[in-house]
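J.: Here it is, the structure, as structure tokens.
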Amino acid sequence: MEDRRPHLEARPRNPPANHRGPMDGELPPRARNQTNNPAATNHAGRHLRASNHPAPFRQREERFRAMGRNPHQGRRNQEGHTSDEARDQRQSQNDTRRRNDDQEGRSHRPPWSSDTFQQWHTPPQKPGEQPQQTKRLGYKFLESLLQKEPSEVAITLATSLGLKELLSHSSMKPSFLQLICQVLRKACSSRIDRQSILHVLGILNNSKFLRVCLPAYVVGMITEPSPDIRNQYPEHISNIISLLQDLVSVFPASSMQETSMLISLLPTSLNALRASGVDIEEETEKNLEKVQAIIKYLQEKRRQGSLRVDTYTLVQAEAEGEVESYRAMPIYPTYNEVHLDEKPFLRPNIISGKYESTAVYLDTHFRLLREDFVRPLREGILKLLQSFEDQCLRKRKFDDIRIYFDARIITPMCSASGIVYKVQFDTKPLKLVRWQNSKRLLYGSLVCMSKDNFETFLFATVSNREHEDLCQGIVQLCFNEQSQQLLADVQPSDSFLMVETTAYFEAYRHVLEGLQEVQEEDVPFQRNIVQCDSYVRNPRYLLMGGRYDFTPLMENPSAMRKSLRGAEALRHPRINVFDFGQWPSKEALKLDDSQMEALQFALTKELAIIQGPPGTGKTYVGLKIVQALLTNKSVWQINTQTFPILVVCYTNHALDQFLEGIYGCQKTSIVRVGGRSNSEILKQFTLRELRNKREFRRTLPMHLRRAYMSIVTEMKESEQKLQEGAQTLECTMHGVLREQHLEKYISAQHWESLMSGPVQDADWVCVQPSKHSMILEWLGLGVGSFTQSASPAGPENTAQAEGEEEEEGEEEGSLIEIAEEADLIQADRVIEEEEVVRPRRRKKEENGTDQELAKMLLAMRLDQEVPGTTAGPEQATEEWETQRGQKKKMKRRVKVELRKLNTMTKAEANGIQDVWQLDLSSRWQLYRLWLQMYQADTRRRILSYERQYRTWAERMAELRLQEDLHILKDAEVVGMTTTGAAKYRQILQQVEPRIVIVEEAAEVLEAHTIATLSKACQHLILIGDHQQLRPSANVYDLAKNFNLEVSLFERLVKVNIPFVRLNYQHRMRPEIARLLTPHIYQDLENHPSVLKYEQIKGVSSNLFFVEHNFPEQEIQEGKSHQNQHEAHFVVELCQYLLCQEYLPSQITILTTYTGQLFCLRKLMPVKTFAGIKVHVVDKYQGEENDIILLSLVRSNQEGKVGFLQIPNRICVALSRAKKGMYCIGNMQMLAKVPLWSRIIHTLRENNQIGPSLRLCCQNHPETHTLVSKASDFQKVPEGGCSRPCEFRLACGHVCTRACHPYDSSHKEFQCMKPCQKVLCQDGHRCPNVCFQECQPCQVKVPKIILKCGHKQMVPCSMSESEFCCQEPCSKILRCGHRCSHLCGEDCVRLCSERVTVELKCGHSQLVKCGNVEDIKYGLPVKCTTKCDTTLDCGHPCPGSCHSCFEGRFHERCQQPCKRLLICSHKCQEPCTGECPPCQRTCQNRCVHSQCKKKCGELCSPCVEPCVWRCQHYQCTKLCSEPCNRPPCYVPCTKLLACGHPCIGLCGEPCPKKCRVCQPDEVTQIFFGFEDEPDARFVQLEDCSHIFEVQALDRFMNEQKDDEVAIKLKVCPICQVPIRKNLRYGTSIKQRLEEIEIVKEKIQGSAGEISTSQEQLKALLKSKTLFHQLRPEEFLILQEKLAQKNLSVKDLGLVENSIRFYDHLANLEGSLEKVHCGEQQSVRTRLEQVHEWLAKKRLSFSSQELSDLQSEIQRLTYLVNLLMRCKMAEKVKGSIAEEVSSIRNILEKTSKFTQEDEQLVQKKMDALKTTLPCSGLGISDEERVQIVTAMGVPRGHWFKCPNGHIYVITECGGAMQRSTCPECQEVIGGENHTLERSNHLASEMDGAQHPAWSNTANNFMNFEEIHRMM
């Protein structure tokens, strides 16, 4: 969490942006030497300098430097205030925070909320996780922290919510205070958790613990009587001093008062303790003196006024003439370096002797490395400053830097690593840049931005690079810490000059910081590296001896056993590693002599250097070394701790190769740290993958998991608030703001002037301003708006800067894929876990939010087709009748104006009375002033959220490092790129790898290698070749004259440190190796395997150099070169070699320049060249292939060969081929280089160079073809020669191609001639092309079909029996119809003839004859007869008999309703009894906005101020409230465009008609007063009709007595509703208010709806049977009731559904009492009702309710009847007939009418007595009489299997069997057990169980028990 002191308005001017200061991931030293800088000034680009700074600060700095902490991070809130003032404001903020904690919806506060950020927000808990500590930290808990690592203590305290509460107490026990000090000191000793420590110290700095408890404790020491306690005080005093030293270093300004008070008390306490005999350690007194010196120094600075903020840097003065210590040097360039051409102090890298000391060694490499990236920037800026007066500055090029003009810092953005900023620059000077390949603005590049000629400047690095954005001039930058502090005062309108240096700054930064942090004594191998002692010791871990097992390294382990002697072989395979005689043979290890020597050397020397010329197996030997070490890890590991092997490679590709080799012998415990891996095998070992594994997340310590949850929650909250404000800020750059958002920043006089419009002036024409934003009219952006007749001055009307850039042509998608150079470089730059910083938001969501925000804020948007208008869509065309070109021009003008820098000053603005009198240029200047104030205010509001998010992101980065530390500590092999090793140097210090292997060591700068090593390193193995590529340096002077390009590998070789060189090359055939030996390597022997290579096919020589003198072309951007002649030749040669049947994977094209790379790509379509690799030479070191085609590119009259003169590059280029190499270049020019001259001489001696390459045809060896240019390859079009192939194909034809070496057997050749084969006896020939397979003859011939005798045309190859006769079948089916199939087919089973049948519903319908029988047996048929029943609404039913369920459930009426709704729209829904709310877009609008809701929803009232004003009256109400001013009747004084007076009124929109020009239209009589000469008119805005004002006033204000409908007034002419007119606003608003009341009634009040919703929920819950039988429907209704925003209509639908479903459920439940045979038919009818009820509907129409009620009533009667009829078989005669007649009515398919119901009811009443519900065949009265007469309790009545009733007396339990007198079945039972076939007759007495049963014995029939008692 961030320090929570207030963010005050005062901005620090120091420390400056160019201060060395901390970068992300480090804390700078407190003591800095700034001797080069002048005294402190107010320039933000300069340093404070402290003179006479006391010396003791240096030692204290060492601990902070080693820790990598930045004491100034997060302390941005003490600016310009004393501690007392800060404390007061903190208290005020804490009060505010407590108030805010009680408020809900905190996350919805806008980003400009002034409330203090809620620091103590508790993150949500996951199930099963322990809750965060929210109570005071207890003694036991603090004691437990003392047992933990410092890192865990720091993170736990920073995450704990109880720390602040703990330190807020004003008194505590001494023992508790002492424990707190111990814990705090331990937390501050952590080396990698700087942000957590800063947070803890921030809480301590603002606590009563510091202000009250500690002083009281120190004073109490003086009077302590107990000797034992006094003797403990020195230790606690040491803790307090250490804490104070940390505190004053981090918060020098805000903590000084409390710290100085404590420091003044401590000497007195120490003297008192000393006087009482307590020993005080000398170190304690020294530390106290250091802090006293710091306090004294700070007090002096405070008196001078220079100590105002916590970002003040403590600096140390050096003795006069002393060289500035490199540890105090800033990494970034300083003000003096940029403005004064001072030569820095540099020492060359010593390559021929030893260094004076380790300090000098580190100093030398630090200065050289820093100068390598600073010098280009420094010299570039100096040249730029000298060129400022140059008129062609934008076109001028600078060698050292790239310049970007008019860069604007637009808005902050949240990323995973912190805050980044979107920066936009001018792309016009960069039209020719190909951003996909350009090295401009690559990830990690450093940029310097200034807006005042570099008097002050900001530093940033590129954090994200998308070439699509770069084309628009947009890049994301991450500013360094000092620059972040200055960003508070930067506005989006500020224009910067941005300068880029090409160096990968992030790599420099990490290494430079590492060199500053490392202590001299911690540099390993100093005796060899610094003192250059040639004696190399054995590794320390082998001092006690070491026995190694080499068995896994051997292909045949038995050889190992043979090589050991006697008993030794029997005991174990381990041997003494120092006794080379015991080692396995080189043959057993598969090594040559030099490789064997290298392996022995590497395993026995602590510093092993292995040089491997090309092809000698460097990587192979390196893997053998790693395998040996891993196999014998017990020798160099400690049992209690794991130390991984660290493998460092220069490139990602080399790292992948090496780790894949290790994977062959080690499948687990590998970790890869570097750029994105292209290896599928290694992806599982990347940090990202390992970190995301579930098992790893589970094993993370709890304190890290808690911290992660807390920080993620806070990050999300800060991000949300920041994004809202940032989007607002960005919107201001994309259009013109609406005036209401600027009102706060416009003076009252200017606002009134702006909104009133211009006074009468002949130069103005009139429009209707109410339709548009007034500010658009004022800025000249309205089309029919106030437009000055005179053209404005300035570039507004010119085409300057308005031309649109032409888009570059698209790349062809059919070309081979070549990684863009920018991508290649970036891939090596980006550490995988660092990743390119991308905004956290998804673009889709971002765009949606931005669009909504822009719509609200902007009156005109640059990304919109039509400028913003508040008018409805109907008026859009009429209002903006501008041509497309004019709109485009208008947008360009706005774009230009928004990017202009000239702004009106406030003083100038105050002198303006009428803003409409300004010319257009001045208006834009004034607008930019208002805009700047708006932007500044918005920027100020989001600043605190930036700081909060940045702090949380830094805390999160620390947590990630802790996670990574856990991963790396568990690994056995850690692979890193050099950049990754520098970045993770602090973790490597913790991991402490004992063995470090550096691959490609000769390519790595020495400083990079040293920064990789930790003091724990005991074994360093360097593998490389200094005669190939050297390390690359930016500055040529430093590389050559200061030996910066000499790697540690090369330097150690040159100072005679022992090394082993691999002597046998296993790659190149001898002819190719001859180019390297002896020209580059004196003695490089060929391994026998390279003597067995086959000759290259199709070429007379395996090695050849083609000479030419065709000139190169220089590529403007990128300083690269290309040679079209060479590119065409190489591509043609490549295609020729493919024709020789070489695989694409066997050929690689190399070139020396990137420009040539993309020239080649354009010539290589993927169809032909898929799989061919194309690379630049530098990216191909370490690689090899069978055939290499090399293009050297350079060819010019000046003889410039560029880096082709560098031996190392020549070595790499000539050593990549295994079997064949073909090179093309200007050899005459290259021969001027001595090395090339010698190589060319060797080539000439062997006839391997010449102007033409001799091709040799494989098929005709005597035929040779000379090729010197691409067109010559046309002589060998198919890769052979020009002779025809003449091969006779299997088909008998001749091959039509030219001679071709591929496909010699012609198996793949496709002969395209017509096939001539005879297919049948009739002589028919094959119609196919020759290569196609012949098919059976398909020529049709007449044949007689044997089965039927018909004559048919049958394919020649088909027999008569197989052919299906195509004649119609003549057979007659059983139904009498003819068979419809063909003669050859089986006859149809079901006749398809259509016949008419009568359906069950009574209708006739055509059906298939074959289905008639099935229909008789119940097959359902959908009757399509139209229903045509007249519905309740009067319209005919649109359904069919089937869809209307045979008239029982009619379909909804589909006729249009056409009724007029209250909103004046016609109902769009089909005919219903009750119209639903209108679903069209609401048409209500005002001058400010338009309602976007549905018309039937309640409108949100406009709360903007009412704009109805004129010179005489002004309304002061809100827009939605009734106006409080009268209408004005003063005639309008404006002139129309025609020059005649306006016929309108003051303050009203001027009517478009003229009394003079259109007299007929104006004076046309409507109300009767239009022809009067003084008549005044009003134009309705909704329809544009004009009316005489007095008549229209009466019309609008009259209220007819007989008018009962609530509706809007309409235009008397066209009946369009009058919705928008300021003059009649009160009347319109009154009508709208009435309409809103009606809407609310329709929708229902929220309270009523909520109550009804709860009641329905309770009702639904009570319907248990419904839930049980119909769970799906129950759940649907339950979910519906859980929804929000339900209307009354919705609830009505749900209520009806519940009641209907409940009734149906009851009916379904009653079916148990119905005979089984009858249940299915009823269930079918119930399912039909359910099916119909489940249809989607907004409500039930009256017709639907009627149908549903009728059907449910029918089913209720039917179920009741069937229940009565369960025993109906006993009912005889007339009763059975009566039952049958009732069932006929109830089971018919037509609707159950009212008459049916009356008849059924009457018949059912008659049956009650004869057919009771009991089913006993007796009436209920008779049943009651029988039960009463027997006098037995419930549960005594039973029935036999056939349902005959009998009674068991006494206890009710069956004690004997008998027979039923009716049916002779067994009744009764024995031993109180009833016969299984008998059952309880509950219908007699309602009993639920027998009287004698377990249930009865436990519970009995409760009513019976009650009666018996």
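Glycine too: its Cβ is placed from the backbone N, Cα and C atoms.
Annotation comment: Swiss-Prot describes 1-12, 76-107 as compositional bias 'Basic and acidic residues'. Taken from Swiss-Prot, the feature compositional bias 'Polar residues' applies to 113-122. Sequence annotations record features per position, and here Swiss-Prot assigns compositional bias 'Acidic residues' to 802-813. Look at Swiss-Prot and you will find 939-964, 1733-1764 tagged as coiled coil. Swiss-Prot lists 1291-1313, 1375-1393, 1433-1455, 1463-1480, 1818-1889 with the feature zinc finger. Sequence annotations record features per position, and here Swiss-Prot assigns Zn(2+) binding site to C1840, H1844, C1860, C1863.
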J.: Kindly report the helix/strand/coil residue split of the zinc finger (1818-1889) according to DSSP, in that order.
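T.: Tallied per class, the zinc finger (1818-1889) gives 15 helix, 18 strand, 39 coil.
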J.: Return the stretch with the most CB pairs under 8 A relative to the zinc finger (1433-1455), choosing among 1291-1313, 1375-1393, 1463-1480, 1818-1889.
T.: 1463-1480
J.: Which one is it: of the binding-site residues C1840, C1860, C1863, which Cβ has the fewest other Cβ atoms within 10 Å in this structure?
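T.: Relative to the other binding-site residues in C1840, C1860, C1863, C1863 has the fewest Cβ atoms within 10 Å.
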J.: For the zinc finger (1375-1393), what are the DSSP-based totals of helix, strand and coil residues?
T.: 0 helix, 2 strand, 17 coil
J.: Given the Zn(2+) site residues C1840, H1844, C1860, C1863, which other residues of that chain have a Cβ within 8 Å of the mean position of their Cβ atoms, reported in sequence order?
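T.: Everything else in range on the chain: K1839, P1841, N1842, G1843, Y1846, P1861, E1862, Q1864, E1865, I1867.
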J.: Can you name the residues of this chain that are 6 or more positions from H1844 (Zn(2+) binding site) yet have a C-beta less than 8 Å from its C-beta?
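T.: Looking at Cβ-Cβ distances below 8 Å from H1844 (Zn(2+) binding site), excluding near sequence neighbours, one finds C1860, P1861, E1862, C1863, E1865.
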J.: With Cβ-Cβ distances below 8 Å as the criterion, list the same-chain residues six or more beyond the ends of the zinc finger (1375-1393) that contact it, or say none.
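T.: Distal contacts: 1345, 1347-1348, 1350, 1363-1369, 1408-1411.
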J.: Using Cβ atoms and a strict cutoff of less than 8 Å, what residues sit near the coiled coil (1733-1764) while being 6 or more residues removed from its termini?
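T.: For the coiled coil (1733-1764), the nonlocal Cβ contacts are 1431-1433, 1448-1450, 1452-1453, 1472-1474, 1476, 1673, 1689, 1692-1693, 1696-1697, 1700-1701, 1703-1704, 1707, 1710-1711, 1713-1715, 1718, 1722, 1725-1726, 1779, 1782-1783, 1786-1787, 1791-1793, 1796-1797, 1800-1801, 1804, 1807, 1811-1813, 1815.
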J.: Kindly state the mean pLDDT of the coiled coil (1733-1764) in the predicted structure.
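T.: A mean pLDDT of 80 is what the predicted model shows over the coiled coil (1733-1764).
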